[in-house]
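Student: One structure, pasted below without further comment.
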Amino acid sequence: MEAAEFARHWLPFCREHNVMERSPQVYFESNYHSSSPHFEKIKIMYEDMKMKVEHVMDKGKITDEYISDEQRRQVFNKWIKGFTRLNHPTVIQVILDKKHDKDNSGRLMPNLIYVSREKNNTSPHHFKAGALNVLLRVSAVMTNAPIILTQDCDMYSNDPQTLLRILCYLSDPAIKSNLAFIQFPQRFHGLNKQDIYACEYKHHFQVNPMGFDGLKGPSYIGSGCFFHRRALFGGPSTPVPPEIPELSPDHVVSKPIQSQEILSLAHHVAGCNYENQTNWGSKSGFRYGSLVEDYNTSYRLHCEGWKSLFCNPKRAAFLGDVPITLFDVLSQNKRWCIGLFEVAFSKYNPLIFGSQYMGVLMSLAYSHYAFWPIWCIPVIFYSFLPQLALLNQFSIFPKLSEPWFFLYVFLFLGAYGQDFVEFFLAGGTVRRWWNCQRMWMIRGLSCYLFGSVEYLLKSIGISTHGFSLTSKALDDEHGKRYGRGIFEFRVPSPLFVPLTMAAIINLFSFLLGLTAFMRGNNMEGLGLQMILIGFIVLNCLPVYGAIALRNDAGK
C-alpha cells in the first residue's frame, strides 16, 4: 500500500525525467549529486515510505498511526489472531484499479493486486511453483492478460522499453503460434569488481542460452521471463482445457476486478486444496516435482512442442542482487543440485524421455544441466588422489618425456582455452574468469557433493533439511567486505569441511614435492601432479587466508 502511494508520484517523475532504472533505491544512489527541488522532494517521499515500512517490520505489527482510513482498517483486519506463515486463509486485496486510480499527473495507474495464497499444515504447497500457479489462476479470473512476466523479488526493471521489445516477437505471425516464452539473461548490479563468488554465471545465463537458441530455445531461468499464457495449458496442438472456463486462456473477463463474483472466484482458486484431482503441476501451469521449477517447466514445455527465444539486449532489461557470502552461494547451488537430480532421475529423464520428444541435441543440452552435480566425482578425485600419490612418490600421470604427456597438456589447455574464449567474448574479464574456475572447484568439493548426498538420502527415505531461501539481504559489514573482494564464509558449516581438507592436503603435498625437487630428487614422473596440485593451491588461497592470516578466521 505504501509503495502504491509512492508510485503515484514516482511514475510521473520517471516519465518526466526519462528515468531508466525504475528502482528508486538504485536511482537515488546513482544520482546522489543531483540537487534539483523535484529530485529532493521525491527522494524525501521515498525515504519516508521506506522508514514507515521498516518501522512496521521492526515492531511486527501495524499500529493506528499507519491506518489512515476505514478501508485500510478493513484490509488489515483480515490478519486475524492465529495467522502464521504456514497456516492462514487466502488474502486477496485490490490495491490499485486501473479503471479508477490515477497518479498525480492524472494518468490511470496499472492494476496492483496483493495475493497471499491459503496455507495449512496438511496440504503440500509446492514452494515457488505452487505460488506461481496460484498467481496464474487468480490473474486469469481477474484480468486474464495473455502475457505473463515472472520476476524474483530482488529484480527491478532497468529498461522500460523491454515490453515493446518482447511484443515484436509475440506479435510476429511467423513464430507466435508455437512461442512459449522469451527469456532475458539474469544480470546483476552490485557485483564486486572481480565477482569473487562467480555469481554472474556467465555460461549459464549468457553463453549456453545462445546455443539453446539455435535449437528449440533457451531454458527458463526463474526470472526475467515473459510467458504466453496459452503455453501453460498444454502443447501447441494438444491444449489441456482447465477445470473451469474462467481459467481458459481464451476467456474474456467482462466484470470489474472488485466485483463480489470475481473476488469470490479468485479466493476459491487460491485455496490450498483447489488443485486436488486436477492437472495443475503435471500438465498445466508451472510443473511440480523439482526444487528447480524453472528448469523443469521449460523442459516439459519444450517436450510438448513449444519453442522459446533468448533476448539479450546491450542494456540489461532487468537487474538484481547477488548473495554476498560464500555460504549463501553454496546453499543456493546445493538446492539447485537437488532439484536437478529430481528431474534427472524421474520418469522425465532428459536423456531418455527428452530425446524422444525434443531430439538428441536438445536432450543433451538439458542433460548437461540435469547431471550438473556429478561434477563432484571428478573434482574430488583430482583434488585428493594425485596428492596422496605424490606423498608416496607414486606417479599416476605420464612422464614429461612420454608422448601421452602432451595429450594431457592438450586436453587441459584446450578445455580451459575454449572456456576462456567463450567467457571473454561474452564480456568477461581475465580476473572474473579465474574466479569462475576457482568457484567451480569449490562448488565441486562442497555443494555438488552435499547436494548429491542429500538427494540420495532423500531418495531412500532418510529425512534431510527442508527447502531454504537464499539470503540476498545486504548487511552493511558483509556488504563492505564483499565490495573489497574478501571471501566471507559467514557461518561454520559442514559444506566447508571437504574444501578445507583438500586445501590442507594439496598445500602439504605441494610443499613436500617442492622440497624433493630442490633436493635434486628425480621428479620427472611427478611433473603433471605437481602442476595440478599447484593449480589447486592457487585456487585455495582464500581458504588459506581464512585459516591462517585473517583475524576473524574467515567469519
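For all residues, glycine too, the Cβ spot is worked out from N, Cα and C.
Per TrEMBL, the feature Mn(2+) binding site maps to Lys128, Asp152. For 366-385, 405-428, 440-457, 495-518, 530-549, the entry in TrEMBL reads transmembrane segment.
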Student: Which residues of the same chain, at least 6 positions away in sequence, have a Cβ lying under 8 Å from the Cβ of Lys128 (Mn(2+) binding site)?
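Tutor: Once residues fewer than 6 apart are set aside, Lys128 (Mn(2+) binding site) is near Gly222, Phe286, Glu293.
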Student: Sort out the residues at least 6 away from either end of the transmembrane segment (405-428), same chain, that have Cβ-Cβ distances under 8 Å to it, and list them.
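Tutor: Cβ under 8 Å, 6 or more out: 200, 202-203, 206-207, 397-399, 436-437, 527-528.
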Student: Against the transmembrane segment (530-549), which of these stretches has the most C-beta pairs under 8 Å: 366-385, 440-457, 495-518?
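Tutor: Answer, by Cβ pair count: 495-518.
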Student: How many neighbouring Cβ atoms, not counting its own, are there within 10 Å of the Cβ of Asp152 (Mn(2+) binding site)?
Tutor: 16
Student: Would you mind listing the long-range same-chain contacts of the transmembrane segment (366-385), meaning Cβ under 8 Å and 6+ residues beyond its ends?
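Tutor: Distant Cβ neighbours of the transmembrane segment (366-385) are 208, 219, 295, 299, 302, 336-337, 340-341, 343-344, 349-351, 354, 358, 396, 440-441, 443-445, 448-449, 451-452, 455, 498, 502, 505-506, 532, 536.
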